[in-house]
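Sequence annotations record features per position, and here Swiss-Prot assigns ATP binding site to G334, P335, N336, T337, G338, G339, K340, T341. Taken from Swiss-Prot, the feature domain 'Smr' applies to 713-788.
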Amino acid sequence: MNSKIIEKLEYNRIIKQLSDLAITVPAKEQALTLMPSSNFDEVKKSIDQTRVLSNVLRVKGPMPITDFKDVRASLKRLKVKANLNGEELGNIFLILSLAKDVSQFTADLEEREIDTRPIEKTLKNLAIPEDLFKKLNQAIEYDGTVKDTASSKLMQLRHDIQSNETDIKNHMNDYISGKHTQYLSENIVTIRDGRYVLPVKQEYKNKFGGVVHDQSASGQTLFVEPQAVLVLNNRQQNLMAQERQEIHRILIELSELAGMYQKEIKNNADALTQLDFLSAKSKLAKAMKATEPVLNQDHVIKLRKARHPLIDPKKVVPNNIELGTSFDTMLITGPNTGGKTITLKTLGLLQLMAQAGLFITAEEGSQLTVFNEIYADIGDEQSIEQSLSTFSSHMDQIIKIMKDVTEDDLVLIDELGAGTDPEEGASLAIAILDDLRGAQAKIAITTHYPELKLYGYNRARTTNASMEFDLKKLAPTYRLRIGIPGQSNAFAIAHQLGMNEVVVDKARSLMNDEDSDINKMIERLTEQTKAAEQLHETLKQNVDQSITLKRQLQNGLDWYNQQVQKQLEKAQEKADEMLAKKRQKADKIINDLEEQRRAGGQVRTNKVIEAKGALNKLERENQNLAQNKVLQREKRRHDVSVGDTVKVLSYGQQGVITKKLADHEFEVQIGILKVKVTDRDVEKISTQAAPKKAERAVRSSRDLRSTRASSELDLRGQRYEEALTNLDRYIDSSLLAGLNTVTIIHGIGTGAIRNGVQQYLKRNRHVKSYSYAPANQGGTGATIVYLQ
């Protein structure tokens, strides 16, 4: 891409924002050098990677990456077998630690249904050489400080240094707190040349013996190392020298080990840089409220509610921009200061952002393509000077475009033909457009020449467009109107400003009939288009609301079905457990009787009667279990298949099995909704019984809706378990009824039910928020719940 074009479209400001959002220096540098690509596969891959990190940011938050230094210089030194210093090794340890953290952070992405294939190679590079990591972790801090645990010798040396230093300080403290204080300039201990000394008055320098290391500027104070601590200080220096030697040995050992893993270190550093860079892309998308562009290879642009990313979101006016659908050339006509130039810049900048793998500031589903080149001749419509020099520069740029343009390019020209005689300028603009269209490029131009309005109607795959003007406010709205040419509003503006109506009417009469008819036609077309757009927007909002409601209902039904299924499974397990216990009791009775018989003893009559009574009781209990609804459902579980009409027991409604999802799991169509159920939760309806069951299902549905209609649930006077069960059912019903706000009345009492209610609400993913009711509506005796 031409650097001048990138500068004109202010792409550099975008990548500066991107760089600011990166954490590591290498990622910041990568952001500042990011250029749009003209390779479709590269662009798609880049967009896919941005999508992955945007999903990660949304689901898990930012990557656990902190800043680290560029490791390339250290790797060069390792390559020639040079030793690294502590800071360099600490930086490598930091890189490996971050890689380990990020690897753990991304381990469950697939479980969270995030497709990581676009960054799979990058994630695989997060491979930690465990022996190097273990050694560095034992030996060094991130800032390069060598740890005591680096070696047993170093640990002992540092212990000895600390102990010896304590002895020195104790001796010195005796000097500054005892009878020797009269000989000191100050009662302090200081250090000179790495040795502990006392500030002694010049006349008492021989009182302490030892060595004079320094003196004050006046010569009145001498810094003396007393004879009593001279040996200790010498030992301290010796220990510290040994410490330095041991640290040097450790750094050599660590450098040699790091040299064995140069490739792994580079791979981890590169992977972290790439993930930081992609994370910056996702953060930029979030900050701009940008969306993923849908890429196509048909050179089609279809932007919905596109916003210029560098204009204040509170002030910018979003526009729909199209090219390559039913037209390849768009002529935006009309007066200056209406937003024509910004429209061109928005189109060009969003196209550059997409080709750089960035999300765009437009509505979801907006389409963009990948151009080989983007040509732009754009000035500032607020300050264009119609001069010969401007015209020459303008023509020079256009001539270069005409020489190089192809069908794979996008051409953006602001004020085509401006800067010369209007008649000649219009003719020249038409000829230039014909030439550019001959190359089959995608073209968007702005012009104030009225002659080009007819061009937009007369040429194939060419359309007019204009910027809307509010005649009541006498101000531009900055909305783009595709298909409607710009019109002069001079008469309307003059009339609005109070010009004599006679003068305005005379001015209108001086226009030729053809121009007058065209203006009237444009006015009618503008009104009709505006009405159609308003209707379309209303219908779109209604459709969006319906889709959202359907999704909420579907999610609510699925969740409710899961809860019911869990209860059914618990009941089944309990029934199975009860049956097993009864069988064990029966077996024990029989075994006891058999043992007595085998022992040769006579079984007493009362024992036989007791055994028979126990067996009869078990038989009755087993019959009750056999009649248990849960067990009956269990027996019916294998009796359904695709196409069967069934009753979904958890909903009390009738539906048709449309798909078998897995063993014992089916998809059932209930009206407009599809729900996932298990075969335990369905009952096959025979053909003869279907009408009757359907009637019951309708009645059940109506009854259910009736219960859902209530926006209050009163739990006062209920037991704790009963209250929470009723609360669970009520929330489910409220979700299915589409209620957004409900009130739970739990009373004050001991607070047990109130606490139970709020614990339940805290765990429920369909509860957006909750709070106590206002004082006049129950206060702490009621909780208002907001559902989502």
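Every residue, even glycine, has its Cβ placed from backbone N, Cα and C.
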Long-range Cβ environment of G338 (ATP binding site), under 8 Å and at least 6 residues apart: M467, E468, F469, P476, Y478, G486
In three-state DSSP terms, the structure that T341 (ATP binding site) belongs to: helix
For the domain 'Smr' (713-788), what does DSSP give as the number of helix, strand and coil residues? 36 helix, 19 strand, 21 coil
G339 (ATP binding site), Cβ-centred 10 Å count of other Cβ atoms over all protein chains shown, is 24
By the 10 Å Cβ-neighbour count, the most surrounded of the binding-site residues K340, T341 is K340
